[in-house]
Each structure stands twice: as structure tokens, then as C-alpha cells.
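Quick look at what TrEMBL annotates:
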type     : residues : note
DOMAIN   : 37-452   : domain 'Major facilitator superfamily (MFS) profile'
TRANSMEM : 32-58    : transmembrane segment
TRANSMEM : 172-193  : transmembrane segment
TRANSMEM : 199-224  : transmembrane segment
TRANSMEM : 279-300  : transmembrane segment
TRANSMEM : 312-329  : transmembrane segment
TRANSMEM : 341-359  : transmembrane segment
TRANSMEM : 365-388  : transmembrane segment
TRANSMEM : 400-421  : transmembrane segment
TRANSMEM : 427-447  : transmembrane segment
């Protein structure tokens, strides 16, 4: 198969004109090559989960514990106690900067180079964080780390998303979700046995280094190629031809056209990203939904150390509950309209939090309500990536997702501070979680519905 080849075809060679998505739909779901790309890219979320969830532990200490928290070593002055929350918020601020700077580069230079760059930056910044001499250096390095976090996760997701046929997208979300849960599992023994916050940061960097090595090897062996949709959009004909020849062999010449990019381009040939009202409206809706879900997701994770009982048990329960949530997510996304899945899940989370406010803290029913709320929030946390990737065209997909991620980090920045409300009244954080969940449900109801059956139908015809 030749893709956009300049060599004229013979009269006996049938010509089939397909978009990249239609070509991927033509492939069998059992294509081993697509699954390799998907699995390798998904490991980036294992690394990302490790690096963001350490915020719940590096400054927390149990009674009678010998663990040395961050504040004990670097924030000994009581007047600087406000910097404790800033150590976590700086990471989210770095996410904002990364979403505005690194993520858009992926639409210009490619998904694969940004994935390699950000994975290296993430590993290096974590290693240096373990050596931070003072709290100000820690805050600055944590912000830099946050920049690479955004680029790493989004580049990996978009690369996998654009390498999957429509029928595999929900399954791709499941694979990425389970990789995220794996990050929870890997972090748990680290925080249990680490004697100080420095060991937590250093040991968390080891999986990052291993991922960098894996990505570098796969890059050299071309096991993880550039996104087919990106290659077509940029007119890289020879690379597109090599991409298709890896999967299908036959006497057919396929000429690919990226109709998404064409529709998103202005009459002058330039992207109408700034002029297209539909795209801007989608950014606002997806960004608003992402703010609400990000706030509740990270707030619940950080607040798990404040629940009654063993903090490690609470963390494990709230983390492992995401596994069945992600198992359900890909089935729900295939069976129901995307926006219905989002709105109903957020509504269920809000109701569970309201019921929680009537229960005694630390009781079994309260833990069950927390679990249900976290399960529902996790469904949306994963589903928003699928919805966000589908509503934006190829030539602005990573940029648009980067902007949505920037908007969502407002929730991530505020999430650590919700823990401080517990000092005034234990019900305040619960009411905030419920109100944010109901607000997110409203945003979800306004999302445009994506019709995913069109490419498959055209190929069948």
C-alpha cells in the first residue's frame, strides 16, 4: 500500500480515497501493531499518576511515625506555613504553563518528539527535587516538573488516540485508565516504607527513568511511530507510506486526505482556530467540565489522608476503586452517548457527597459514599479525554486539549486548599465537592454529541 504516493498507479490498481480515521477503521481490531503503540503510550499515565499523587504524602506524617515530612525539614518557621499548600499548587501552576507552551508544540513538531522530551524532563526534575536545598527551590522545581507532566500525558494520549480506529477508542481509554491505577499501586509501597520525603521523590523517579529508557528504545526501533493523522496533516508522504506498509499489504493504492484539517482551515489556508466559534465553544465546555472533575478528583485524592482510619488503606481504596470504574467507562462510552455518561456520573457523585454530609465521619457508610463518589468522578476523569479528543480536529487537537488542560488546572490549583476547610468544619469540603460535581454535570449536558459511526459506514460501503 502506498499512502499519498507521487508514483502514478497502473490501470489495474484500484484507488481508494480514505481519511486517516477511515483507514484505521478498515484495519482489524486485532492488529498487533496498533496494540503495541497503545500499551507503550499508556505507561506514561503510570508515571504521571506517581508524580502527581506524591503530593498527598510527602508532607503528611502519622502520629508516632519516624517519617520526616517536607515541612519538618524545609518549613521550620511557623510564619512560612502557608508554603505547605503552595508546594502542591505550584505543580498545578506548572501544568498551566506547560499546557500553554509545550502542548501546542506537539501540533507543530509531532507527538513523538514531545513525548520523548517531556518524559526525560519529568524524570530529571524528580531526581533533582529529591535534592532540593530549601522550600523555594522545591516549589520552583515542582512547577517545572508540572510543565513536563502536562506534555507527557497529553502527547502520549493523543498519539495513541490518533493511532486507534474509532471502535478502539473507548478501549484505549480503559488501557490508559488501568495504567493510571498501576501508578497508584506502585506508589503505595514507596510511601509506606520511605523514611523521608526525599526518598519518596527519588524512588518515584525510578519508574520515570525506566519509561524514558523504554520510549528511547522504542523510538530507535520505530515501534512507536508518529501519529498517522499528524503525518497526513503535515503532508509527510513518505512517512505516511511507511506507516501504512507496517500494517497492511496488498495491491491497493490508498490516497489519504485529512478532512478534519480541511474543515478547520480558513479560506486563506491558515488554521481558523482563533476564528472558529464552534471550536472555541467546545474549549469552554470541555474546559469547564475538566475544571470541575479535576477539582473533585485531586481534592478527593488529597483529602483521603484526612478521612478516619488508616491513611494508606483509604488511599488504596480510593485508588483501586478506579479499576472497576475504568472497566465500566469504556463499556458505557460504547453503549451510551458521551455527554449522558458524563452528566449522570457527575450527578451521582454530587448525590453521594450530599448523603455523606448526613453520615458520621469515619464510619463504614461514609467510606462507601466516598468510594461511590470517587468511582463516578473517575469515570468522568477518563471520559473527558475521549470527548475532548473527538470534538477537536487533528491540526489543533493537542493545542485545544492543552488549553482545556490549562483551564482545568484552576481546579487542580484550588484542590489542595479544600483540605484546609476541614479545620473549620468537616462538612465544608463535602459541600464544596458536591457543588462542583453538580456544576460539572451542567457542563456535560451542554457538550456536543459525537457521531462515531460515520467512518466505519463509509469504509463498509
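First residue shown is number 1, and so on along the chain.
Each Cβ is built from the backbone N, Cα and C atoms, and glycine gets one as well.
Counting C-beta pairs under 8 angstroms (sequence separation of 6 or more), the transmembrane segment (32-58) reaches the transmembrane segment (199-224) with 3 or more such pairs.
Long-range neighbours of the transmembrane segment (400-421) within the same chain, counting only residues 6 or more positions beyond its ends whose Cβ lies under 8 Å from a Cβ of the stretch, are 55, 85, 88-89, 92-93, 95-96, 98-100, 102-104, 106, 150, 154, 158, 273, 279, 282-283, 286-288, 290-296, 298-299, 302-303, 306, 388-389, 392, 428-429, 432-433, 436. Contact between the transmembrane segment (341-359) and the transmembrane segment (427-447) is supported: at least 3 Cβ pairs lie under 8 Å, counting only residues 6 or more apart in sequence. Segment contact holds for the transmembrane segment (365-388) and the transmembrane segment (172-193), given three or more CB pairs below 8 angstroms at sequence separation of 6 or more. In this chain, the transmembrane segment (172-193) touches the transmembrane segment (312-329); three or more CB pairs sit within less than 8 A of each other, excluding pairs fewer than 6 residues apart. Residues of the same chain lying 6 or more positions beyond the ends of the transmembrane segment (427-447) and with a Cβ under 8 Å from any Cβ of it are 282, 285-286, 288-289, 291-293, 295-296, 299-300, 303, 338-339, 342-344, 346-347, 349-350, 353-354, 356-357, 373, 376-377, 380, 387, 391, 411, 418-419, 421. As a whole-number mean, the pLDDT of the domain 'Major facilitator superfamily (MFS) profile' (37-452) in this prediction is 79.
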